[in-house]
Amino acid sequence: MLWVKAFHIIFMVSWFAGLFYLPRLFVYHAMTDDEAGSERFKIMERKLYRFITPFMIISVILGIWLMIEWQLFNTIWMNIKLVLVGFLIAYHFYCGHLVKVFANDESRHNHIWYRWFNEFPVLILTAIVILVVVRPF
Ligand code: HEM
C-alpha cells in the first residue's frame, strides 16, 4: 500500500534526523569542559535518544509490512538492505550506550573520533537509497 510506503519514508527521515544530530551533540559535548554546559548536553542527548527510538521501531515495522505485502524477501537488494538496516539499528543502540557513557562522565574519545562516528549513518543512508531506488542487484 502506497500509504504505508509514504509513512515508512516519513518515519525513516525522522529517525535519520536524530541519527545525524545525536552524534553531533557528542562532538560538541566532547569539546565542552564546563560543568553547566556538560549537564545541558546530557539532558539534550537523553531526550533526543528517547524521542527517536520510536521512529526506528515504526519505520522498521512499516518496512517489514511492505516487504511482506510485496513479497520482496528473495530479492538481492532487499537482503542487502536488511543487513545494512541491521548495522544501522546496532549504531542506534550504540548511540544509546554512548548517551549513558556521557551521563557518567566516562567518555574516552575526543571530538575528532565523534566526527568520524557521525559519518556512519551518511554511508548507510547513501547505500540504502541507491539499493531501493536503482536496485542494481
Ligand atoms: C527492516 C527495515 C526495513 C524494511 C524491511 C524495509 C522495506 C522496504 C520495502 C519493502 C520498501 C518498498 C520497496 C518498493 O518500492 O518496492 C521500502 C521502501 C523504501 N525504504 Fe525501506 N525498509 C526498511 C528500512 C529502511 C531504512 C532504514 C531506510 C533508509 C535508510 C529505508 C529507505 C526506504 C526508501 C527511501 C524507500 C522508498 C523506495 C522507493 O520509493 O522506490 N528503509 N522499504
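Including glycine, each Cβ sits where the backbone N, Cα and C put it.
Here's what TrEMBL has on this protein:
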TRANSMEM  6-27  transmembrane segment
BINDING   His8, Lys81  heme binding site
TRANSMEM  48-68  transmembrane segment
TRANSMEM  74-95  transmembrane segment
TRANSMEM  116-134  transmembrane segment
Counting every protein chain shown, other Cβ atoms within 10 Å of the Cβ of Lys81 (heme binding site) number 20
Long-range CB partners for the transmembrane segment (74-95) (under 8 A, at least six residues beyond its ends), listed in sequence order, are 15, 19, 22-23, 49, 52-53, 56, 60, 63, 67, 120-121, 124, 127-128, 131-132, 135-137
Cβ proximity for His8 (heme binding site), under 8 A, sequence spacing 6+, ordered by residue number, returns Ser59, Leu62, Gly63, Trp65, Leu66
